[in-house]
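Inspection log for the structure reproduced underneath, given as structure tokens.
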Amino acid sequence: MRTLVMVACAVSLAACSSPPKPPTVSGRHRIPINSPAAQEELRLQVFPQEPTAQATMWPARPPKQTVNVYFPQDVTVFRPTSAQINQLHTLLWPVPKHINVRGLTDNSCPPPGDTQVARVRALAIYNWLINQGVPASRITISYAPVKDYASNAPLSPGRVLNRRVDIEILRK
């Protein structure tokens, strides 16, 4: 039994000590390593291209745009309609370089009253713009009771055009 174990150990040791057969190379998968195609393939393997997020491009805008917000007589509270909100949001993003807010009236009250109405309307728009995320440093307010009439008509339809706040958006 001992001899049998010794023979088995000798055979297994002899089998382990023989070198493995060399691999056979056919050469059909060879590519030149220095060719431009091979270098490009290697570059793509090392740095695979990741999908990049598309940058949001805003349409080209004119350097200056003016929006008029009209108010009923003696009303100073700004309650924008959904159409006004959509229009203003479209114009406000990306945030413009500067915004001029100018409150105007129809000259229906004595000058001190009209001045106060124009000022409060301009402040209402100013506060709304700040609540929408426009930095206060980019907004300038002005108001005038008797200036820049859109209509010189003394009747009510013409006066409606004068009761407004002009929002001038400057991009440059």
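Note that Cβ sites are derived from N, Cα and C of the backbone, with glycine treated the same way.
A quick note: this is a predicted structure, and the numbers were derived from the prediction, not measured.
Feature annotation from Swiss-Prot assigns signal peptide to 1-15.
Residues or ranges marked as S-diacylglycerol cysteine by Swiss-Prot: C16.
Taken from Swiss-Prot, the feature N-palmitoyl cysteine applies to C16, supported by sequence analysis.
Look at the domain 'OmpA-like' (58-172): DSSP puts its residues at 40 helix, 27 strand, 48 coil. Per Swiss-Prot, the feature domain 'OmpA-like' maps to 58-172.
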Would you mind listing the long-range same-chain contacts of the signal peptide (1-15), meaning Cβ under 8 Å and 6+ residues beyond its ends?
none
